[in-house]
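Working notes for the structure below.
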Amino acid sequence: MTRKCPPAAPESGAPLSGTVLAEAAVVFSVVLSIHATVWDRYSWCAVALAVQAFYVQYKWDRLLQQGNAVFQFRMSANSGLLPASMVMPLLGLVMKERCQASGNPHFERFGIVVAATGMAVALFSSVLALGITRPVPTNTCAISGLAGGVIIYIMKHSLSVGEVIEVLEVLLIFVYLNMILLYLMPRCFTPGEALLVLGGISFVLNQLIKRSLTVVESQGDPVDFFLLVVVVGMVLMGIFFSTLFVFMDSGTWASSIFFHLMTCVLGLGVVLPWLHWLIHRNPLLWLLQFLFQTETRIYLLAYWSLLATLACLVVLYQNAKRSSSESKKHQAPTITRKYFHFIVVATYIPGIIFDRPLLYVAATVCLAVFIFLEYVRYFRIKPLGHTLRGLLSLFLDERDSGPLILTHIYLLLGMSLPIWLIPRPCTQKGSLGGARALVPYAGVLAVGVGDTVASIFGSTMGEIHWPGTKKTFEGTMTSIFAQIISVALILIFDSGVDLNYSYVWILGSISMVSLLEAYTTQIDNLLLPLYLLILLMA
């Protein structure tokens, strides 16, 4: 697999650091690999987008260093515009290819819309950076304008009027969410993380609105509607309470009682009726029937309950250990935080092997619980708000520099997105053969195994550091080796996986994602599974 270095450093200012260039080289390797696999006009658009994102990323980095960005971003990392810009376009490209191979034209067009939407929000972020940079970077503006013109021209002649409107709707939602959420959550994101997270939420919200308006014609799976409604409902709940508690103290008992009452009102009066409108049945009865439909599901739920209890005990034990120590500012070491990665791996692997629909729904419920508990912690809602603040402060790291603690939510998302994003209508004819059979395991491999092993071995035995980073060569190599061993174990225990001699592609994919982990300063729990998913699906 060939790797090409990115273009030369942009004009005006200090040169790009070696870590940024190395991260860009890995991202360009992924883009060129997907381009070589797909090789159509859309993949050429992806290459053009990557080139302009590389140049504009430098402008975002300089804005962050000078404190001239519009919003307050996380300062312990670079902007991350290039790796974040390429996720949605590449995901749409590989989704289009898989659905085209399986003969599903509807989802083939859906993949094109995903790619076009990703390119649109990425170009908006680039225009935003260029618009506030002084003096105006003439060369970068020319490169960005040329790439944007090519992308717009090709998409104009490739999308129908309805698809263009859909892309513009998502872009409009993205603009408004940027203004609202980045103001409400300062220092929680880098520009790249904001692009990735808010772009995904914008797309989900637009899909929910679209399906709600065409519910008579649409024939969707209830689990898909469940995910859409839960994600949108939790985001709207957060915006509502953030606005409300600007005008009142959230830490009083009166505010806490009001919070719980309004949560019930929003859940019973908005979310459940909305879900009932989409699935044409009682949501609570459907959920109970779904969860306890088979004996296997009952066993899995009992097993997951034990693991959840174990995770809670780890949190309580570590906090008791801190209380008994002399220093109250004690922080949990890296190895302790990775206990949760092992617990999550033990949670997801049986679900992937025995019942993926149940894992799909259980991960959605878990996401809602995590976000709700974060609201309780952030707003200091009684009786658990202050307790959660004390318990979770032990596990903070440099990435939790804002008012919200998001790393555990990112871990859940990183493990769940490969399950949620599989185009199931395009996998009914055996199209998930070869390396694509490992797509559901992308989160387990990249985060549960790779990132965990790299962190543990790198921090305990690593001596040779990658240039400009704290990551070590030994950590990266043991990460790759551990993921290869995990693939071998998956072949043994999951009879549905048949790699069809695609071992070279799997090894190359794991190696590239492991190198990305070594050099990226973005949230690796979220970024690494998405890149491994894209490479495996290709």
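The count begins at 1 with the first shown residue.
A Cβ is built for glycine as well, from the same backbone N, Cα and C atoms used for every other residue.
Taken from TrEMBL, the feature transmembrane segment covers 12-34 (among others).
The transmembrane segment annotation in TrEMBL covers 107-130 (among others).
Annotation source TrEMBL lists transmembrane segment at 136-155 (among others).
Taken from TrEMBL, the feature transmembrane segment applies to 225-247 (among others).
Sequence annotations record features per position, and here TrEMBL assigns transmembrane segment to 259-278 (among others). Remote same-chain partners of the transmembrane segment (259-278), defined as residues 6 or more beyond its termini with a Cβ less than 8 Å from a stretch Cβ, comprise 211-212, 215, 220, 222, 225-226, 229-230, 233, 236-237, 240-241, 250, 284, 372, 379, 381.
Sequence annotations record features per position, and here TrEMBL assigns transmembrane segment to 298-317 (among others).
Among the features that TrEMBL reports, transmembrane segment is placed at 338-354 (among others). With a cut-off of 8 Å between Cβ atoms, the residues of this chain six or more beyond the transmembrane segment (338-354) that come close are 296, 300, 303-304, 307, 310-311, 314, 362, 408, 411-412, 415, 419, 440-441, 443-444, 447-449, 451-452, 455-456, 493-494.
What TrEMBL lists as transmembrane segment is 360-380 (among others).
Per TrEMBL, the feature transmembrane segment maps to 401-421 (among others).
Sequence annotations record features per position, and here TrEMBL assigns transmembrane segment to 441-461 (among others).
Listed as Cβ neighbours of the transmembrane segment (473-493) (distance under 8 Å, sequence separation of 6 or more from its ends, same chain) are residues 353, 438, 441, 444-446, 449-451, 453-455, 457-459, 461-466, 499, 506-507, 510-511, 514-515, 517-518. The annotation transmembrane segment is assigned in TrEMBL to 473-493 (among others).
Within the chain carrying the transmembrane segment (499-519), a Cβ under 8 angstroms from the stretch's Cβ atoms is held by residues 1, 19, 22-23, 26-27, 29-30, 33, 83, 433-435, 437-438, 445-446, 450-451, 454, 466, 469, 471, 475-476, 479-480, 483-484, 487, 491, 527-528, 531-532, 535-536, all 6 or more beyond its ends. Residues annotated as transmembrane segment in TrEMBL: 499-519 (among others).
Below 8 A, the CB atoms of the transmembrane segment (360-380) and the transmembrane segment (225-247) form 3+ pairs separated by six or more positions in the chain. Outside the transmembrane segment (225-247) by six or more residues, the chain places 180-181, 184, 201, 204-205, 207-208, 211, 255, 259, 262-263, 266-267, 270-271, 274-275, 278-279, 283, 287, 360-361, 364-365, 367-368, 371-372, 375, 379, 420 with a CB less than 8 A from a CB of the stretch.
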